[in-house]
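Q: Here it is: the structure, laid out below.
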């Protein structure tokens, strides 16, 4: 969500901080700001509502410069998007603070600080943290201790970066439930909410652990655990500038990432399957011991990853015969869950830092589960560190807020898992089809121009309805989510068999209805449902297997290359991604950074 960047350097750091924010734009934000301590130890701040480029323009006007500084992109939680609510927040013109997360007891702390004489100028919970740290600094004149004491009083999940004009040589950071990275450079050191921001600036990084705090100077980074004891944390080399993502020849990151799916699926499968087996070591060292004991499965995730889990339910129950329950993480956290014996708990997350998914995993670790498995795209994430078993997808960095390649690699991972847990020779057919998957993706991507031609038919629509049956119902859900995320068209998805139980009332000549219709055992049932749409004058678009002879009957048929039955949910997802993309482009929306959304949702 919010992006944090901070540095202490022997040079002017303002342009580095700005570039760090540009690399964090993909996370989603509505305002941005920077604060530095200048050569005369004065605290200078610039904040704007809007894009990082607006901040760059404002910085040029004010000629802001300094060797120590913090910067931030804000995604509004407490307080509307505005310059007044943008970070960094100040206290008494001495302390500047950036914050990612939520301080749950901010109202109580606010009232307490008001009694101490503090005045508030914003609606945010962040300003509470700034004043609280100032209060403790007045008592101890030690910035690190002031931050540690303040964090102990604050409830919630957050990460902070703090500077003080009387301590121009240091930057203090703390992590409590929200990710933060420390970076080592030459004559300069950094903090950031994402290692991507530090590429080409830092040579190596430390991923702060839960409860860690750090004091960062030009010469050193000292890390303290939750007990305020100095500790040594593992350092990890950081990839060079050559690996920083760019759009290449594509107009948007989302389109680039859609077209990368064949490659990243190839990477995800590589060295993990052969013609007769899935290498269980792909799921971690413990998998060979755990998998034979699995009798039930619970899958917990959010958003697109939840849809991946829903598809996986069909595969796991059909192939492995394992009862599988799929839960939305934010709901799972707050109910009493019955855990049958020998249940495998699976979490799915692109970032591995999704707050609700992590909280669900922590809850599961206190329950009677056999073990936990994380399917994740980020090897250094909290989810990966906390799970018993891990399958790392190899989707690479995904910049577009609307997930594409991360989703299809999650599906590839789940299909491999179903094959690994399958106890009969159907697993070999699944593996054969998986080996064909990258080529199938390439064929589907050749539909791009045909799908683009549909966009003009959706531009002026207000609503859309997606339909699927069986395992294609979650595919329809994902298609509807993509369309609403980036085109802002209200879209719903239903099992086609539920049409007559309510959704049919919405169907008329102005309602586009999109159906997913592979050649499977439910095809005839689906055709019957679609006749109901046609009879009501609905504007029908059907993605059909190109081996089938369909009678259009007024519907627009979009032929999808034939593929193996187990691959159909993956293959039929791709044209729906393309449809959402081209409709959004035709409408002129911000495809890569849609309004109100964040890439990594690190708060509840």
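Here the Cβ of each residue, glycine as well, is placed from N, Cα and C on the backbone.
Quick paste of what Swiss-Prot says about this protein:
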type     : residues : note
DOMAIN   : 2-219    : domain 'Glutamine amidotransferase type-2'
ACT_SITE : 2        : active site, nucleophile
DOMAIN   : 279-427  : domain 'SIS 1'
DOMAIN   : 454-594  : domain 'SIS 2'
ACT_SITE : 599      : active site, for Fru-6P isomerization activity
Q: Rounded to a whole angstrom, what is the C-alpha distance between residue 599 (active site, for Fru-6P isomerization activity) and the residue listed as 'active site, nucleophile'?
A: 10
Q: Provide the number of Cβ atoms within 10 Å of the Cβ of residue 599 (active site, for Fru-6P isomerization activity), excluding the reference atom itself.
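A: Its Cβ shell of radius 10 Å holds 25 other Cβ atoms.
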Q: So how many other Cβ atoms are close to the residue listed as 'active site, nucleophile', meaning within 10 Å of its Cβ?
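A: A 10 Å sphere around the Cβ of the residue listed as 'active site, nucleophile' contains 30 other Cβ atoms.
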Q: Calculate the per-residue pLDDT averaged over the domain 'SIS 1' (279-427) and state the result as an integer.
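A: When the pLDDT values over the domain 'SIS 1' (279-427) are averaged, the result is 95.
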Q: As a quick check of your reading of DSSP, tell me how many residues in the domain 'SIS 1' (279-427) are helical, how many are strand and how many are coil.
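A: Breakdown, helix to coil: 67 helix, 28 strand, 54 coil.
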Q: Mind checking how the domain 'SIS 2' (454-594) divides into helix, strand and coil residues in DSSP?
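A: Helix (H, G, I), strand (E, B), coil: 65 helix, 30 strand, 46 coil.
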